[in-house]
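Before any comments, here is the structure.
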There are 2 protein chains.
Amino acid sequence: MILFGEHAVVSGAAALGAAVDLRVRAGIEDLPGRVEISAPDLRVTLAGIAVDPFSGAILGNSIKEGAVHATRYISAVLKEFGARDLRVTVVSEVPPASGLGSSASVVVATLGALSRHLSLDLSLDEIADEAHRIEKSVQNGLGSPMDTALATFGGYQIVEGSAKLIDLPEMRLVVGFTGRPHDTRAEVEKVQSFGARYPEIVDPIFRAIGEISTRAVGCIRGGSLEELGRLFDANHGLLESIGVGTRELSELVYASRGAGRAFGAKITGAGGGGCMIALPGPGPENVLRVMTAIAQARGEPFSVVTGCPGLRLEDSADEI
Amino acid sequence: MILFGEHAVVSGAAALGAAVDLRVRAGIEDLPGRVEISAPDLRVTLAGIAVDPFSGAILGNSIKEGAVHATRYISAVLKEFGARDLRVTVVSEVPPASGLGSSASVVVATLGALSRHLSLDLSLDEIADEAHRIEKSVQNGLGSPMDTALATFGGYQIVEGSAKLIDLPEMRLVVGFTGRPHDTRAEVEKVQSFGARYPEIVDPIFRAIGEISTRAVGCIRGGSLEELGRLFDANHGLLESIGVGTRELSELVYASRGAGRAFGAKITGAGGGGCMIALPGPGPENVLRVMTAIAQARGEPFSVVTGCPGLRLEDSADEI
C-alpha cells in the first residue's frame, strides 16, 4: 500500500509505502506432463481457472477478467524459469486492480514458492529484483520497485531517489474499496501528460507531495496520528488536483472523515478507482466507526495493519 | 466571484476574479428624524429588518442571521459619512455568506446610493477604496480589495501583487450553492495556520495555484474552455489540499463534472461551505444539464455571466 507520494514519486519526490496484513499465498506441487495455474480467489473477482502459460490456452472454464489478469503474472514467473510439470495455486486476500499491489504480491509469492520447489535458493534481494523485472515486463515497462520490495521484505519503504527499508511502528488503517478496478497505466499517463503540458503547475504539486511524505515519517514515528491524518487529507487534495480522483473515492474519503471521524483519508495508489485509506481514531470502536461509514457510502471496508512481514515460507500446504 | 487563486492570493500568488450578473440594489430616501435600514432580500436568507445603525437596536421584527449580518455593512457606510434622516433599502440577488462577495456588493451599492443622495460625487476609484476600507473594518481587518473593486468596476480583475482590471470576454458559468453559509475568517485562519506549520508544503501549493491563475487568463482570452475546465479541476484539488473542502461542495463538484458533463468545477471563495462553480459545455442545454445535476445533488444552482458591469446609477426607485 502506498501511504504517501503516489504519482509524484515518478518525478523524484519522496514516497512512503507499507506492507499490510493482506496475504497472497502461493503453493506449487508436481503435475507431470502439464502446467496448471489455479487461482481460486476467496475475495473479490478471481475465479478458479487453469491456463497454459506458454500458449495462453485456457485449460479450465471458470474465467473472469480478474483471474485472467492475475495468471498473466504467474505465467510470466513460470516462463522466466522454464518451469514445467507443476500446478501453481495462488490465493489472494488482496482485491485485484485495486491499487493495493496485488500483482506485485502475486509475483513475489509465486517466485518464493517456485524458488523452494525448484531449490533455486533465491535470496530476498534476488526475489525483489526479479519480481520487479517480471512485473514491469508484464506491464510493458510500468511498475514501481516499491510494490515488489514491500511484498518481499514487508515493513515500510521510503523512496528518496532510491527505495530503502525504514523502521516504523505498525498502524491500524481502514481501506475502502470502491469496487471499481482502476487502470494504473491510464492514470499514470494522464498525470504525465498533464505534467508535460503544465510543468509550472505540476512540479510544485509534486514538490508539496514529497514534503508531505517526509513529514509523515516523523508523525508515524512519533505517534502523532491527528497530524498524520491532516497530511493524509493534504495529499488527497493534491491527488485530486492532478486528476486521479473520482466521485466514489471522494464519497468514501468524506464519509470516513465525517461520520467515521477519521483523522484523515486519501486515495491510495494510482487513483481513478481502486481504494482509499483512512486513519481511524484509537481503539476498535473507531475502526468500526470508519468501516461503517465507508459501508454506508457503498464502499467495501476492510481493516489492515501496516508494517507487517513480507515473503514468508510456510510448510502447511493445507493453508492454501 | 473568485475564479482562481483564493487563499493563495494572500501570499502573493496570482488570482483572477470576475463580476457576475447577480445584482445588489440600494436605494436611499429621506426619512426625517430617523435612520432605517431595510434589506428585504428576495433570494435566500435576508429578511425585512430595520436596525438603528448607531445603537445596533433592532427597529423591525423580522430578523434572521443573514439580515443582521448585512446591516452591519450598511450601518458602517452610514456611520462613515454621519448620514442621518434617511431610509436605506437594499435588495440582493447574491446569497449572503456564500463566498460570492455579497458583503462587498452591499457596501459598494450603499456607497453609490449615498454618494448620490448626499451629492458627494465620489469617483469609482474613491468608492472602491472606501468600500474596501469599510468592509475590512467591519470584518476586523479581513477583506480582499478584489471583491470591492469587482463590485465597483465590473469586468475581470487580475491580482499579481496589486489588482488591476483585465479585458476578457464574458463567460457563462453555473454556481451551486450548498445552502451552508461559510465563515471566511475561520477558513482563512485555518489555511494560514496550516501554512505557518507546514510552509514547505503550502508554499509550493500556493505557487501552483498562482500558475493556474496565470494560465487561466490565456484560456479565457482564447476561448479554450475545455482546458480552462481542467484548470478549474486542478485548482479545486489544491483548495481541498489546504483543507477548505467539504463533503457538500465535493458532491456538487462531482455531480457537475459527471452527470452535468461540465468541463470543470471548483469551490469559489473561502470554502468550508458557500458555493462552487462549474464551467458548462457550450449552449443552453449544457447549462441546464449542469444545473440539473447540481439540483439532484441537493445544491441550489443558478446560472451567471462573468465579466458584467459593476456599479451603475439607476433612476427608477421602483426597481428596488
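Each Cβ is built from the backbone N, Cα and C atoms, and glycine gets one as well.
Note: TrEMBL annotation is automatic and uncurated.
Noted in TrEMBL for the protein shown:
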type: ACT_SITE; residues: A:Asp147; note: active site, proton acceptor
type: BINDING; residues: A:Pro95, A:Pro96, A:Ala97, A:Ser98, A:Gly99, A:Leu100, A:Gly101, A:Ser102, A:Ser103, A:Ala104, A:Ser105; note: ATP binding site
type: DOMAIN; residues: A:72-155; note: domain 'GHMP kinase N-terminal'
type: DOMAIN; residues: A:220-288; note: domain 'GHMP kinase C-terminal'
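For the binding-site residues given as A:Ser103, A:Ser105, the lowest number of other CB atoms within 10 Å of the residue's CB is seen at A:Ser103. It is 9 Å from the Cα atom of A:Asp147 (active site, proton acceptor) to that of A:Ser103 (ATP binding site). Averaged over the domain 'GHMP kinase N-terminal' (A:72-155), the predicted model reaches a pLDDT of 89. For A:Gly101 (ATP binding site), the same-chain residues lying six or more positions away in sequence with a CB closer than 8 A to its CB are A:Met1, A:Val94, A:Asp147, A:Leu150, A:Ala151, A:Gly269. Reduced to three states, the DSSP call for A:Gly101 (ATP binding site) is coil. The domain 'GHMP kinase N-terminal' (A:72-155): residue composition by secondary structure is 49 helix, 8 strand, 27 coil, according to DSSP. Neighbours of the residue listed as 'active site, proton acceptor', defined as other CB atoms within 10 A of its CB across all chains, total 27.
With DSSP states grouped into helix (H, G, I), strand (E, B) and coil, the domain 'GHMP kinase C-terminal' (A:220-288) comes out at 36 helix, 10 strand, 23 coil.
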